[in-house]
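Chemist: My structure is below; once you've seen it, I'll send some questions.
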Amino acid sequence: MTSPVRFDRGHTDDLMSFLTASPSPYHAVASAAERLEKAGFRQVSETDAWEGSTGGKYVLRGGAIVAWYVPEGAAPHTPFRIVGAHTDSPNLRVKPLPDTGAHGWRQIAVEIYGGPLLNSWLDRDLGIAGRLSLRDGSNVLVNVDRALLRVPQLAIHLDRSVHTEGLKLDKQKHLQPIWGLGEPGEGGLIRFLEDENGIEPGEVTGWDLMVHSIERPSYLGRDRELMAGPRLDNLLSVHAGTAALAAVAGSATSGADLRSAKQTDKLSIPVLAAFDHEENGSQSDTGADGPLLGSVLERSVFARGGSLEDRARAFAGTVCLSSDTGHAVHPNYAERHDPTHHPRANGGPILKVNVNNRYATDGSGRAVFAAACEKAGVPLQSFVSNNSMPCGTTIGPITAARHGIKTVDIGVAILSMHSARELCGADDPFLLANALVAFLEG
Ligand code: ZN
């Protein structure tokens, strides 16, 4: 039985809009929420009492979102089917005292967030985005999406050894963007952002700001078979998970889904969990290593009249697909990859395996994802690291260990991971989304 929902290149077009609208994790969850609202989901507050009802709901907390759809006939012990992802990407973030400069150049003081390819931030026109916290306790999303800043690379005439010894960037000295001329104190950054957003001077008392490339995502290649853009790691998965959840909820609501004909004991509750702070270890109130997902799932069980026993039964039957980017084989560095595992662009989603639990996948998890791909008519590839290379990790093992939930690490193979502009196959985003639909349908 194949899935009724089929995404195509229109999904990749929409991913490009999603990326452009989401220069920070706060914007990413707002973009996801906007799409879920259109699909009939409604926000619930963590501070309210939750009542049991069917339909789509979501919780926003900072740069994280958890959304779920309770179908007709769901019992308190009905298990969940979760797509996990992360909303954050490596970048440059604004320090508490941002206004700096030297020799007539006005600059912004930045910290390094996560592990970016530092060179990729040089000589790009950058905007600034994030969240301003106001004196009255409210938060405002801001996005100055025009050429505002730049980290200029040193001219080769002043750095003749760059080709023989490599580019050496000091994280403190060499990455402070310039944003104009003048003395650092004049027209300070926060004052500038207040002006830009019509906020009274002095009302901003806190901020979480970061810079982003203003270059738009684009198709690339002889036949436009590739796509280049920022934050593919991991907004590609957040976007695919959002689209898949909205589609599954839509087909359930319209009755097109087989769900209505399913017996209650075969039902599952589809969930999207997109966390912040994966790039620095996930340990935060909005990270995968925090209580957010467990709290939301538990409260959903209790809101349907469930007991701790029901919670244990629901969690024991739950499966999570942790979706994140992986490495496509790089034609110029093929020796860095395992010689027999060469994920290719547009070859379909990848199953990520590491026997030392850097990824949570095991054989039975592989079977779950293989079944979803088969149902969706989507090819499946496998990724494993070259034994001589350290293996990356993601939210999968954390989710499995923290909640005792069976978890499978999957994703899309890209090039230039952690660059300010990454590259993937233009078909892979919708192939992933089709597989996620099949998985969420249970
Ligand atoms: Zn990632």
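Just so you know, glycine gets a Cβ as well, placed from its N, Cα and C.
Marked as Zn(2+) binding site by TrEMBL: H86, H157, H418.
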Chemist: Inside 10 Å of the Cβ of H418 (Zn(2+) binding site), count up the other Cβ atoms and send me the figure.
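Modeler: Excluding its own Cβ, the number within 10 Å is 19.
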Chemist: Give the helix, strand or coil assignment DSSP yields for H86 (Zn(2+) binding site).
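Modeler: DSSP assigns H86 (Zn(2+) binding site) to strand.
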Chemist: Comparing the binding-site residues H86, H157, which residue's C-beta has the most other C-beta atoms within 10 angstroms in this structure?
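Modeler: Sorting the candidates by Cβ neighbours within 10 Å, the top entry is H86.
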Chemist: Can you see whether DSSP assigns H157 (Zn(2+) binding site) to helix, strand or coil?
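Modeler: Once the DSSP labels are grouped into three classes, H157 (Zn(2+) binding site) ends up as helix.
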